[in-house]
């Protein structure tokens with residue numbers, strides 16, 4: 001394809017150098033708020049590019065591991081400092097490339113800074129335990145060693161935070177990495193990797209290969225010299241990645257979809273519940289794995305809750321995320337835009353009652369982007385498609401229930417188990433919910449979306465491979481335990 005000279009081309013990062021794909025092919029990254037705006041051109045890489053990156057990572061791993069954890073952490077501190085200096089540019093790029101508001105993009109980039117600093121500190125923490133031995137002359141202890149080369153396959157919805165929360169622990173524990181960012185946000189990823197480059201990481205320790213999931217992603221999952229694969233994305237692709245890694249004996253970590261419920265008890269603070277439902281379900285255009293999708297409301301407060309919800313959603317401004325007044329931006333890509341619209345049509349055709357939104361936004365400049373109105377359905381049956389499948393868009397399904405017990409039972413009627421929330425003033429309701437809800441992330445009087453980097457994150461059932469990311473739990477995936485017995 002012919003490249004416009006005024007638009008920058010971004011390259012793969014292999015062995016400390018910015019390089020073109022051996023294919024010499026690039027593809028445009030499109031601004032979803034204005035499909036005529038090309039953010040940049042990114043590489044369409046091949047398996048040969050993957051092989052080069054893995055070779056570089058493999059050759060660098062031993063010397064990287066021989067450095068102390070404290071020294072490895074110093075590189076993360078440097079990267080954090082540079083990322084913070086570049087916050088405005090990276091956030092603006094993220095907004096142009098993915099569509100979320102600039103405020104959200106800034107917050108996410110700052111989250112990346114905090115994650116890097118957190119894991120920099122982990123380089124000085126313990127990596128084992130002393131265990132009493134039954135032999136009075138023996139010393140029994142454990143230590144941890146890195147996996148080796150880790151493949152990181154990251155999604156487009158958090159193009160700064162998710163790659164960093166995977167790469168930072170991998171690196172501080174002595175692994176080298178090959179990042180495959182989502183094609184939709186590869187320009188943002190390149191700017192993040194530039195921060196690692198400027199931080200002076202040794203050649204081969206950090207690598208990035210851009211391209212399709214079917215070529216680059218699957219190439220990473222299948223590669224015999226990649227010792228671990230950490231993936232965030234759809235269930236369909238995640239299962240393919242996990243299967244490929246399992247078949248060759250590599251360690252794998254999958255964070256996938258969600259169909260996250262909110263329960264609104266009859267004693268709830270309805271204003272708080274409405275704000276949490278809207279923020280959890282509609283911010284970032286509902287494109288979060290922890291986004292609210294199903295809302296179970298006790299019958300006694302259903303009508304007042306619905307009225308407040310509709311009143312509030314009418315106040316939301318839809319527009320370009322670079323506009324300071326915008327509350328909700330576009331769907332991140334044309335394909336996601338059409339996916340969301342198709343789910344809305346399924347909801348209507350299967351008998352759910354559309355009470356708000358449901359249309360493409362065609363007013364003024366919105367017609368140039370992939371904008372969908374916030375959409376609310378009621379009279380939703382649990383067997384309807386919109387109540388069962390992850391939509392990844394600004395769509396809420398309202399469901400009346402007669403009790404908290406019924407709400408929990410219905411909320412658990414899904415293959416997913418990522419995040420769940422309850423709004424209540426009754427501690428008994430909260431404790432029952434915490435005990436019985438099938439989710440890895442549980443919120444009380446707070447929205448389903450949002451995680452804290454210092455705490456373990458992951459789901460149950462089909463939402464996860466049952467491992468956990470972030471916090472000190474990250475060491476469990478990115479290292480292996482050695483048990484050592486020493487005889488005096």
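The backbone N, Cα and C atoms fix where each Cβ goes, and this holds for glycine too.
Long-range Cβ contacts of residue 237 (NAD(+) binding site) within its own chain (separation 6+, distance under 8 Å): 213, 217, 231. Secondary structure from DSSP puts residue 237 (NAD(+) binding site) in a helix. Residues or ranges marked as NAD(+) binding site by Swiss-Prot on the basis of similarity to another entry: 233, 234, 235, 236, 237, 238.
A simple way to gauge crowding: the CB of residue 255 (active site) has 25 other CB atoms within 10 angstroms, across all the protein chains here. Marked as active site by Swiss-Prot on the basis of similarity to another entry: 255 (among others).
On its own chain, residue 289 (active site) has 157, 232, 255, 256, 257, 258, 418, 419, 463 as residues at least 6 apart in sequence with a Cβ closer than 8 Å to its own Cβ. Annotated active site per Swiss-Prot: 289 (among others), in sequence order.
Other residues of the chain with a Cβ within 8 Å of the Cβ centroid of 233, 234, 235, 236, 237, 238, the NAD(+) site, are 231, 239, 240, 241, 256, 257. Other C-beta atoms found within 10 angstroms of the C-beta of residue 234 (NAD(+) binding site) number 16, with every protein chain shown included.
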